[in-house]
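Residues annotated as NADP(+) binding site in Swiss-Prot: Lys72, Thr75, Thr77, Arg82, Gly308, Thr309, Val310, His313, Asn326. For Ser94, Asn96, Arg100, Glu110, Arg132, the entry in Swiss-Prot reads D-threo-isocitrate binding site. According to Swiss-Prot, the feature Mn(2+) binding site maps to Asp250, Asp273, Asp277. Summarising the annotation, Swiss-Prot assigns site 'Critical for catalysis' to Tyr139, Lys210 and lists similarity to another entry as the type of evidence.
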Amino acid sequence: MAKIKVKNPVVEIDGDEMTRIIWEWIRERLILPYLDVDLKYYDLSVEKRDETSDQITIDAANAIKEYGVGVKCATITPDEARVEEFGLKKMWKSPNGTIRNILGGVVFREPIVIKNVPRLVPGWTDPIVVGRHAFGDQYKATDFKVPGAGTLTMKWVGTNGEELEYEVFEFPSAGVAMGMYNLDESIRDFAKASFNYGLNRGWPVYLSTKNTILKAYDGRFKDLFQEVFDAEFADKFKAAGIVYEHRLIDDMVASALKWSGKFVWACKNYDGDVQSDTVAQGFGSLGLMTSVLLSPDGKTVEAEAAHGTVTRHYRQHQQGKATSTNPIASIFAWTQGLSFRGKFDDTPDVVKFAETLEQVCIKTVEGGAMTKDLALLIGPDQAWMTTEQFFEAIRVNLEAEMAKWA
C-alpha cells in the first residue's frame, strides 16, 4: 500500500540510554514504513544538550510551538553523578521543565489499559486521565518556622498604593507558617487546557478542590473554571454529549475509586502530584503511562512516555546482554502525537493509523507476548520476551493489520 501522507510536520525529540535505542526502532520499524511524514529532528541527548549549552532544548520547544505537535523520547535530567559520568559543563535543568515553561499548558497523564495485566484497582477498566495544574500553591510558597509567640499578618500592597492586610494567627508559642498564591490567568489557562483535553477524548471533566474550607482560594478555581466553561465550552460539551462538574477533593477521590474510568480529573498542583501517582500505581505500571502536554488553546501538544531512560537495562545492553524493556509507553508517545496531528490537519487516516498501532500493542500483550515487567505483574508462570523479540511481535502484528487496509 502507498504510505499515508501526514500533512504537516511533526517535531521529533530524541533522548537518552535505553529509551533512545527503542525510540529509533519505533521510528524505523513502526512509523516510517507506513507514514510519509516530515520529521523535524532535535537530538536532546545529554551530550548534545551539554555541547549546545542547552540551546537545543530551547530550539526544540520553539519548533513544537511553530508546528503544533512534538513527540519526545525520555531524557536524562543530570544529577551530580551524571555530571561526572558525562563530564558535563554544568548540571543542566530538566528538559521537560524547560519545554513546559516555553509552551505553557498542562501535563495530562493517561494510562494504557491492557485486559490481562492485573490492576491494583480491578474496577478501573478504562483510563483515568489526571491533569495537574503545575503552577503556584505549595510549590512556590514561602514557608518558615515561627520562633515564638507573636502575630502573623499577611499584607498586599497594590502598585497604586492600595493596601490589604489580614491577621492570620496570634501565635501563643513557636510553630510554622506558610503563604502561597496563584494567578487568575494561570487558572483560566488550566481550565481551557483541561476542557480541550476532555473534548479531544470525548470524556467528562471533573475539577477537584476544597472550596468549603478555602472559600476564597479554592473558590476562585471553582468560579474561574465555571466562567471559562460557560463562555467557551458549554455548547461544545453538550454537542459531544459530555459534562463538566466541580467536586470536593474527598468526594472525588472516593468517586474515582468507584468509577470505571474514561474521565479527565483536573487537579490543583499538590493534588495532581499525589493523585497522578495513585492512579499510575492503581493501573499497575509506569511502563504503561503516557504524558501529554497540551496548551490552553488546545492547538499545541507534546507527547512522551511518563517513565525515565531505563538506565539499568541500558547498562546490560552496553555489556552486550539482551534486555526485556517495555517499549509501549514510548510507542504511545508517537501515536498520541500523531493522533493530535491527524485531528489538527483533518486527516482521518493518520488518526486511524495511530489508533491501529495502539490496538496492535494492546492485542499483542493480550495475546500473551510481553516484556518481563508485565509478565511479573501477571504471575510467575507468565513467559516473557526480550526487547527485540517483543518489538518483532508488534512489527509483525502491525504489518498484518495494515495489510487489511489495502
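Indices start at 1 and increase along the chain as displayed.
Each Cβ is built from the backbone N, Cα and C atoms, and glycine gets one as well.
Worth saying up front: this structure is predicted, and the values here are computed from it rather than measured.
Here the features listed in Swiss-Prot are placed on the structure.
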residue: Lys72; record: NADP(+) binding site; DSSP (3 states): strand
residue: Thr77; record: NADP(+) binding site; DSSP (3 states): coil
residue: Asn96; record: D-threo-isocitrate binding site; DSSP (3 states): helix
residue: Arg132; record: D-threo-isocitrate binding site; DSSP (3 states): strand
residue: Lys210; record: site 'Critical for catalysis'; DSSP (3 states): coil
residue: Asp273; record: Mn(2+) binding site; DSSP (3 states): helix
residue: Gly308; record: NADP(+) binding site; DSSP (3 states): coil
residue: Asn326; record: NADP(+) binding site; DSSP (3 states): coil
Densest Cβ neighbourhood among Thr77, Ser94, Asn96, Asn326 (binding-site residues), 10 Å radius:
Asn326
With every protein chain in view, what's the tally of Cβ atoms within 10 Å of the Cβ of Glu110 (D-threo-isocitrate binding site), excluding that atom itself?
24
Can you tell me which of the recorded positions Lys72, Tyr139, Gly308 is spatially closest to Arg132 (D-threo-isocitrate binding site)? Compare CA atoms only.
Tyr139
When the number of other CB atoms within 10 A of each residue's CB is tallied over all shown chains, which of the binding-site residues Asp250, Asp273 has the maximum?
Asp273
Suppose we draw a 10 Å sphere around the Cβ of Arg100 (D-threo-isocitrate binding site). How many other Cβ atoms does it contain, all chains included?
18
Measuring CA to CA, name the entry from the recorded positions Lys72, Thr77, Asn96, Tyr139 that ends up nearest Asp250 (Mn(2+) binding site).
Tyr139
With Asn96 (D-threo-isocitrate binding site) as the reference Cα, tell me which of the binding-site residues Asp273, Gly308, Asn326 is the closest one.
Gly308
Which listed residue (Arg132, Lys210) has most other Cβ within 10 Å, given these are recorded positions:
Arg132
Roughly how many Å separate the Cα of Thr77 (NADP(+) binding site) from that of Ser94 (D-threo-isocitrate binding site), to the nearest whole number?
5
Secondary-structure category, per DSSP, in which Glu110 (D-threo-isocitrate binding site) falls:
strand
Across the listed D-threo-isocitrate-binding residues, Ser94, Asn96, Arg100, Glu110, Arg132, what is the farthest Cα to Cα distance, given in whole Å?
21
For Lys72 (NADP(+) binding site), which residues of its chain lie six or more apart in sequence with Cβ-Cβ distance below 8 Å?
Ile13, Gly15, Leu44, Asn96, Ile99, Glu302, Ala303, Glu304, Ala333
Ser94 (D-threo-isocitrate binding site) to Asp277 (Mn(2+) binding site) - Cα separation in whole Å:
19
CA-CA, which of the recorded positions Tyr139, Lys210, Asp277, Val310 lies nearest Glu110 (D-threo-isocitrate binding site)?
Asp277
